Structure formats: C-alpha cells, structure tokens
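Working notes, structure below.
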Amino acid sequence: MAEVGGVFASLDWDLHGFSSSLGNVPLADSPGFLNERLGQIEGKLQRGSPTDFAHLKGILRRRQLYCRTGFHLEIFPNGTVHGTRHDHSRFGILEFISLAVGLISIRGVDSGLYLGMNERGELYGSKKLTRECVFREQFEENWYNTYASTLYKHSDSERQYYVALNKDGSPREGYRTKRHQKFTHFLPRPVDPSKLPSMSRDLFRYR
C-alpha cells in the first residue's frame, strides 16, 4: 500500500504540494495505469480474511453515512443507491477506504459494491473499484463532511459534483449540487455491532 499515495495524487491535480511531499515516488496520470492500480487494491481487499486486515489498520473505517436531509446512505446489491431513515440498516453499513490525503472510496459491507458517480452525476454501486469510485472528503465548517467526485465537475466552472441525497432520500444528481447545500452534507456515524441485523454481524466482523 506504500505506493497508493503516489498513484492517487495523480487523480486530483488540485492537491497543491502533495506530489512534492512524496519525494521520489513516481506519479502516473495514465487512466490505464490508474485503473490497473485500482484493480490491484480491489483484489487485496476482496481476498482479505479476518487475519489479513492487520495491514489495513487505520485505512479502513466502518461507518454509517448520515445526510443532513435525515437519511443514511445505502448501497444495494443491484447497484441502486438510496437513503433510509432506519438506523443500522443492512445496506447502510459502509466501509471507508482511505486512498491518499483527503481521497477515499466507500464500499457497502453487505452488498460488496463501491459507491460510484458517473459523468451525469448519478450515484450507483460498482462491482469494480474504478476512478469513478474515488471521492475527495472535505471537512466543512459546520462539522459535516462533503464528498466530491475527483473525476467529474462542471466544464464551465470549478464547481464540483457532490454526493447528495434529496429530502425524500433519493440520490441527487451531482451536477445539481453545491458545496453549501444541506443535500451534500454528511456525518460518518460509528457502527454499533450490537444494533446490526443478525445476518449482517458476521459480515461486519469478517468481510
């Protein structure tokens, strides 16, 4: 995992000074090279067993993602992304994977799918860890976080595409979002294993 910082620094050219802090670690901006590296990371995660996760300590965080609109984000096995008001829902337990400074991917523990955003700003669950599944995690002044696509933004401005949930829990398209809207504000909430559905406890412990 030592080369991850160098690889993902090239995903976001706005991380001023980040590459210099990496010393002589080679940076690559070829989409093919990046996708290959993402595949390698995905493979390590999929092959992981309970004893294999020691090297990922501090890199993996299991959380619920609560939106200011009152919903927890869920990733379903069919690739659908939606919000629920149910605390500790089966598909609302998420794995936050730190890739580099401020860059993360989010995976559903039960569904095994990664949160992705396509060029239209639509959220979906991806079987593969691709560049569409990499987000910039930003801590805002109101103690909430925002999650912006590192791949897509408005072509006529610097405005980012953000992960967002509407007031009815449906996903809001990234092109319709702004950083200071409540739709885009999230709190990563701790997971209490005792509150998980019984069918999900083993997944939470071992996946």
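The backbone N, Cα and C atoms fix where each Cβ goes, glycine too.
As given in Swiss-Prot:
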type	residues	note
CARBOHYD	ASN78	N-linked glycosylation site
MOD_RES	SER111	phosphoserine
Candidate with the highest Cβ count within 10 Å, taken from the recorded positions ASN78, SER111: SER111
Rounded Cα-Cα span from the residue listed as 'phosphoserine' to ASN78 (N-linked glycosylation site), Å: 8
